[in-house]
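Here is what Swiss-Prot says about this protein:
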- Cys29-Cys43: disulfide bond (DISULFID)
- Cys36-Cys48: disulfide bond (DISULFID)
- Cys42-Cys52: disulfide bond (DISULFID)
- Cys47-Cys56: disulfide bond (DISULFID)
- Tyr60: tyrosine amide (MOD_RES)
- 1-26: signal peptide (SIGNAL)
Amino acid sequence: MMLRLTSVSCFLLVIACLNLFQVVLTRRCFPPGTFCSRYLPCCSGRCCSGWCTRRCSPRYGKRATFQE
């Protein structure tokens, strides 16, 4: 009986530790110059085009090109 109780306690302790590690790892943030997304936030600055930067630079698209 004691062996069964110990193994169940050990199993529950492992599950609790894994849940704790998951919370710690999912709440981390990334420094400038690394990849970011909606679910992987930047520590400081903003996520611009998938990269952590201090400020977003203006985007130049087809409307910003010079046409003759």
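The backbone N, Cα and C atoms fix where each Cβ goes, glycine too.
Fair warning: this is a prediction, and the values are worked out from it, not measured in the lab.
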For the disulfide-bonded residues Cys47, Cys52, the one whose C-beta sees the most other C-beta atoms within 10 angstroms:
Cys52
Using a Cβ cut-off under 8 Å and a sequence separation of 6 or more, which residues in the same chain sit near Cys42 (disulfide bond)?
Cys29, Phe30, Pro31, Pro32, Cys36, Cys52, Thr53
Helix, strand or coil at Cys52 (disulfide bond) [DSSP, three-state]:
strand
Return only the integer: C-alpha distance in Å from Cys43 (disulfide bond) to Cys56 (disulfide bond).
15
Within 10 angstroms of the C-beta of Cys56 (disulfide bond), what count of other C-beta atoms is obtained when all protein chains are considered?
12
Among Cys29, Cys36, Cys43, Cys48, which are disulfide-bonded residues, the residue with the most C-beta atoms within 10 angstroms of its C-beta:
Cys36
Using DSSP and collapsing to three states, where does Cys42 (disulfide bond) fall: helix, strand or coil?
strand
Assigned element (helix, strand, coil) containing Cys47 (disulfide bond), judged by DSSP:
strand
Assigned conformation of Cys29 (disulfide bond) - DSSP reduced to three states:
coil
